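Here's the structure, in structure tokens; my notes come after.
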Amino acid sequence: MIDITLLRKDLDAVLARLSARKNPQPFLDAERFRALEAERRTLQSSTEDLQARRNQLSKQIGHLKAKGGDVAPVMDEVGGIGDTLKAGAERLEQIQGELGLMLMHVPNLPQADVPVGADETANLEVRRWGSPREFDFTVRDHVDLGAPLGLDFETSAKLSGARFSFLKGPAARLHRALAQFMLDVQTQEHGYTECYTPYIVNREVLEGTGQLPKFKEDMFWVSRGGDETQPEQYLISTSEISLTNSVREQVLAADQLPIKLTAHSPCFRSEAGSAGRDTRGLIRQHQFDKVEMVQITTPEQSDAALESMVGHAEAVLQKLGLPYRVLLLSTGDMGFGSAKTYDLEVWVPAQATYREISSCSNCEAFQARRMQTRFKNAQGKNEFVHTLNGSGLAVGRTLVAVLENYQNADGSITVPEILRPYLGGLLELRA
């Protein structure tokens, strides 16, 4: 969440920055916030006055007792003050709770260099790498190319319905090879520590990284035998959730930072609001695999860390020889918790366009504040860390890109040279 002191200092300025995000979207009830803040300040001021009065009366009671005076009236006043303070504390707790809940629905503030715009049309292309291949035969899409290789949507539909996949044989081997290759790049070349995390997490964990409470409809939640008394749990939509929350409620030493973590995991998304979009193939699935990168840094390190993380994702695409472009997302297209986001889009020949394959974001202290994760700075004070996350890469979409960019006229697939050791030296995939 954003720092509430920013809202208290200049609410209008914060609202102006938030208005650059996707509109129309009521992020904050400004009038309710002002009313609660006014009541909070009044309560805190009166509480301080009452506490001072009670201290004064306590001293007076001591003097009266020493002189044998009547303390009953003073004791009655002290008792009344105690009752008033108790009621005030209860109301203050209610106000703080309502303010906290309001903040949970407010997105992060975009950095100053983020392009301002309502949607993806305002995204800024930063660079391109590689040139799309020119084919001398009719290009086939990954569904047609993958079917003889074991990409089986008929079986997955029988098992689970739409937006699932069943891979076997060469397709499954390629999928496994890609994930292992991605992990090797990030751990062996870029210094990430490989992790294996739970795929089911508690509600407060999703609140920490910002999926809840705002985006519950995008999640799959878990019922333990229909027992609704059990703690609320969800399937992860990305291992960013579990990796980032691994440092929740901790105070880290400055020399521990940056922390760099990676994991290969399935991701589960309901795709609410995506009806009719990308219904064919692997592009948009309820369950897909991804290699995730997470960094925990100091505030001074995070801007450079984002640029390096983008490079870590680019390295995978370059080693695979896949053409791509890098976009700086606009204020209207970036995610809820992000202060700045780059998307990597890979060339998909059958669609003759670039499609997202990685998203790398600097969340600054937004998630850390929700998770209560701090580090001890050079002055010995506890300060919120910055968190970053990025895909390195989405495995299914990378499989799509390899099939389509490396296809041959006879339907076989040339194996990218970098993947051959992961596939027992195979040069081609064919039925």
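Keep in mind that glycine also has a Cβ here, set from the backbone N, Cα and C atoms.
For T238, S239, E240, E292, S391, the entry in Swiss-Prot reads L-serine binding site, with the evidence type sequence analysis. Under the heading ATP binding site, Swiss-Prot lists R269, S270, E271, E356, I357, S358, S359.
Counting only the Cα atoms, the space from R269 (ATP binding site) to S239 (L-serine binding site) is about 12 angstrom. For the recorded site, R269 (ATP binding site), the DSSP three-state label reads coil.
Its Cβ placed at the centre, S239 (L-serine binding site) has 27 other Cβ atoms within 10 Å.
Within 10 Å of the Cβ of S391 (L-serine binding site) there are 26 other Cβ atoms, across all protein chains. Residue pair T238 (L-serine binding site) / S270 (ATP binding site) shows a Cα separation of 12 Å. Sorted by the number of other CB atoms within 10 A, the binding-site residues T238, S270, S358, S359 start with S270, the lowest. Closest to S358 (ATP binding site) in space, going by CA atoms and restricting to the binding-site residues S239, E240, E292, S391, is S391. Separation of the C-alpha atoms of I357 (ATP binding site) and S391 (L-serine binding site): 8 Å, rounded to the nearest whole number.
Looking only at Cα atoms, S359 (ATP binding site) sits nearest to S391 among the binding-site residues S239, E240, E292, S391.
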